[in-house]
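Asker: Straight out of TrEMBL:
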type: REPEAT; residues: 9-41; note: repeat 'WD'
type: REPEAT; residues: 132-173; note: repeat 'WD'
type: REGION; residues: 302-402; note: region 'Disordered'
type: COMPBIAS; residues: 304-314; note: compositional bias 'Polar residues'
type: COMPBIAS; residues: 326-335; note: compositional bias 'Acidic residues'
type: REGION; residues: 791-989; note: region 'Disordered'
type: COMPBIAS; residues: 793-802; note: compositional bias 'Acidic residues'
type: COMPBIAS; residues: 828-846; note: compositional bias 'Acidic residues'
type: COMPBIAS; residues: 862-877; note: compositional bias 'Basic and acidic residues'
type: COMPBIAS; residues: 884-895; note: compositional bias 'Low complexity'
type: COMPBIAS; residues: 897-910; note: compositional bias 'Polar residues'
type: COMPBIAS; residues: 938-951; note: compositional bias 'Polar residues'
type: COMPBIAS; residues: 954-967; note: compositional bias 'Basic and acidic residues'
type: COMPBIAS; residues: 968-978; note: compositional bias 'Low complexity'
type: DNA_BIND; residues: 983-1051; note: DNA-binding region
type: DOMAIN; residues: 983-1051; note: domain 'HMG box'
type: REGION; residues: 1029-1085; note: region 'Disordered'
type: COMPBIAS; residues: 1029-1042; note: compositional bias 'Basic and acidic residues'
type: COMPBIAS; residues: 1050-1060; note: compositional bias 'Acidic residues'
Amino acid sequence: MPCERKPMRYGHSEGHTDVCFDDEGKCVVTCGSDGDVRIWESLDDDDPKSINVGEKVYSVGLKNGKLVTAVSNNTIQIHTFPEGDPDGILTRFTTNANHVTFNSSGSRVAAGSSDFIVKIVEVVDSSQQKTLRGHDAPILSVALDPSDEFLASSSCDGSVAVWSIESQTQVAQWQILQKSSDVSNAKSLCRLAWQPRSGKLLAVPVDLTIQLYDRNTWTHVSTLSDDLISQVVNVVVWSPCGKFLAAGTVGGNLLVWDVEAKLCIERQKHEKGFTVCGMAWHPSGGRIAYTDTEGCLGLLEGVPSSSSTVQSTKAAAAKETHDYDDLFDEDDDRGLDEGMSDSRSPVKKPIMEEDDDDDDLMPATGRPRNRGSFLDDDDNSQDPSCVKLDGVPEEDGSSAILPAVGPAVSRPVYEGPMPTQPQRAFQPGSTPVHLMHRFMVWNSVGIVRGYNDDQDNAIDVEFHDTAIHHAMHLTNTLGHTMADLSQEAVLLACEGTEELASKIQCLHFSCWDTHKDWIVDLPKGEDVRTLCLGQGWAAVATSALMVRLFSVGGVQKEIFSLPGAVVCMAGHGEQLLIVYHRGTGFDGDQALGIQLLQLGHKRRQVIHGEPLPLSRKSYLAWMGFTAEGTPCCIDSEGVVRMLNRTLGNMWTPVCNTRDSCKSKSDHYWVVGVHENPQQLRCIPCKGARYPPTLPRPAVAVLPFNLPYCQTTTEKGQMEEQYWRSVLFQNHYGFLSSSGYEIDSEGQSRAEKEQQELLMKMFALSCKLEREFRRMALAQRLSELALEKASQIQEEEQEEEEPAYQSHSSREYRGSNQMSRRLAPVENGCEEEEEYPQEEQMDAEESTETRKLSLNPFKKGGKSPERPSPKPMSREGRVNPFKVSGAGKSSSSPAGQPRTTNVLDSMTMSNRKPAPLGSTSKQGKAPVLKPLAPKPKSKTQATLLQMSASKGNSKKLEDSQSEAEKVKPAPAATPPASAENIENRKPKTGFQLWLEENRKSILADNPDFEEMDVIKEGMGRFRTLSAEERLNWTERAKGDSDPKKRKREDEEGQVDEQTESDEGRTKKKKPLDTSAKLSAFAFNKE
């Protein structure tokens, strides 16, 4: 017999709770250790009425509009219901009252306290009290029998006693419980219960069983138990008909017995296994409300409930259990009309003999939804007590309950998934409408508050940035309940009444004329359900399943229909997002569809009504856009999902706000989402789902965290960071394609972060010797390098086509492009780390890949009008990377090792610490010429100034041996690149002095490396007099012009130089080595 267990919901803070129904069963009343009594219209009531009655409430009772509570201030208080107004104190104790209950008529209240006393008080006249003394420990629970003759009580002294109310004496006592010192230490609350109406049986929870005692003899007559029970029974409660008994255990088990058959007919488990400490059966049956020690409220639907004497109440109960039988009412009943009168009442004819076996056709469920065609519409559920349970024969009395009516039920009973109540339309960023002070909207632009109390009915508009507009106070004469706010306008709307139509009002504060507001009335019978604002437009979804578009100035635009009832809408720029019901959800799930429209010049539908993913048994809590324009949604379980445009418009979970909640009752109310920086802006709500308007809530920032596996490991963390960076970078492409300006620096930072993470994962794979994984990562790095290279090439081609009108302009553009590549050389190492990973990725590529990736860096060749990639790719590949990878300013250490250059990584094993005089020789033209083509224009002369001042410096003679060591691999030696870059500018006096005195420094300190030589040289140079330093500076200036002339001669005529014999000797030496390097550079793999 499967009954439906509704999802638990937060009711109170953690601690003991209690629950009861009102007389009609319309409301559920709970109390908790937070001192509040809350009145719930249903389990889905997001804003129950709350009455604060004290610091803690231990028990609650409700009868005849009187609400009594056992409060921690040792009193039994009474309040009016449902108003919640205080109505006095019924009685006081010297310590806490642990339990309070009404009698069946509501005229008396019984309460038990920790001072061992039980009191019985008349509600009308609280001075009429009776006190029962006899227990030797705190009272656990009390129960008044239906005839008001006896009272039963359980105590921590291990006894259950029955008292005569009239004589105030004990008539029976059983030592059946475990003793304890206090209620907090008791293993069970031992909530007793008398059988309704007759009061024939008293149910007492004892350990893992329920013992039943007869009222007449006070003897134990029966025991109810079940194998599912593993922990002690805490509370028991009878059904209104007195035929069924429900129990809740410390282990969270919920069970229902047929008392007469002694059969457990329903077994349910608390969804989290918490202790059940409060239970109440609906007055008309069909459902059981229960609470736990974590402050949560739950509901069991479809439980067996009543007997034939209370059939008049079953129609309401069947509706409240959300029966699915209504789906079968029309079509199936037509075939049964022959056996029924026009009034659909039973035909008065005798039962056929073969009808005796009709029970065998009925499913063994006992649920109220088992309807028969012979029942009236008002009695649309069959008596569960006449149903066979799990194949067990009926008890003797059950046949008497079967009414003498026509043929038995032949229709099938639906036992599949139950439909979910569809979610109501809401405005994202708003709090419930019924609140007197509420947020009508809170978004990234500002806040709109609504006030509707006895003093004022107004709307306040506040902007986060007062430069947009000053704050506004609007009189809400039309009773607007919906609002949206943008940087252009405030849009308001109200639902219609019988006399007035639904209205839309827009205050266009950015308008430049004097008429800043406009109002539109909707057709009669059509109400606004939700609305939103965009850039220059407004949209309104109505109850007629339509969306109406307006310009922000009030001009009506397109109208289109929706496939289902709207849930919410959101706008951002030219994008309109609509969420609606695409069907009926089942088993607590919502079936929502989503449409995304582009309302710009090229109007199109981006998302065509695909299902919106939500967590199981949840509903949509917020829908909108990030500040960058990416759709984002949040469900009631706190899962944040973002649209992944690069994955076919799929939704990716990026955060779970529940992970940041300290308590199960806490929630986060989202007000905005940002992708750059990655921030989820929300308001923490303690014990609630939304914040109050006063005091002004503080906004918190939560980080994003994609739910990847094994994020506690280094590999999982890097994977999560990488894909999060990729996801949150998608908006750059969307904004760029939409014509918006993008933050190029932010985009480059994101790309750099992704490259770094890929390199780290590659290194980790190498460390773990994961060859296949390493190859996949290397392939991804190669793809990134190719994408970057092609992107740069396209940009440069676009720049070349319109702009190069003359050779001089091409020269300037080429040198400007390369100067950006070599910026770290001129400006220190500020941008030095921008390219190292790209270069390392290139090291993984093939020769052809390297050619493509370095084409954009080469310009100004033989054909300046086009890049000419293939003839120059190899040579253009090496020189720029050699310079930018190892180059530093003149103040940087020339011998500092670097590994970012491609050739560096190839020849690392041949590198040795650079000798002291090496840098003075590495700038020689014969060394670098094989690695770069002869410049055909001044552009390349600018790019390859490294070949300047190579032959006419007489100071280079002393360091010939050091240069020879470096010449075999000049591109792999950082000092060479550093010196070449230095030669691009006139030498300073210190450089000239260092060249002449390097030999002496090395003689004094033969173990010095290049860095030490420079430091020592700087120290000695400072000791010179001012005149000597000035002379060296003038000498350096005087040498600059001849160097330039000789550099130009070298570029035009390599072998026709006018150097001395000694200079020519030095030039000839490295030629063989350079030829080898050239062969290496042009070697094709």
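Note that the numbers count up from 1, one per residue, in the order the chain is shown.
Each Cβ is built from the backbone N, Cα and C atoms, and glycine gets one as well.
Note: TrEMBL annotation is automatic and uncurated.
Could you place the listed features in the three-dimensional structure?
Answerer: Helix, strand and coil counts from DSSP across the repeat 'WD' (9-41) read 0 helix, 16 strand, 17 coil.
Remote same-chain residues near the repeat 'WD' (132-173) are listed as 95, 98-105, 108, 110-120, 179-183, 185-186, 188-199, 202, 204, 213, 215, 218 (criterion: CB distance under 8 Å, separation of at least six residues from the stretch ends).
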Asker: DSSP-wise, what's the residue breakdown of the repeat 'WD' (132-173) into helix, strand and coil?
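Answerer: Summed over the repeat 'WD' (132-173), the classes give 0 helix, 25 strand, 17 coil.
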Asker: Across the DNA-binding region (983-1051), what does the pLDDT come to on average, as a whole number?
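Answerer: Its mean pLDDT is 76.
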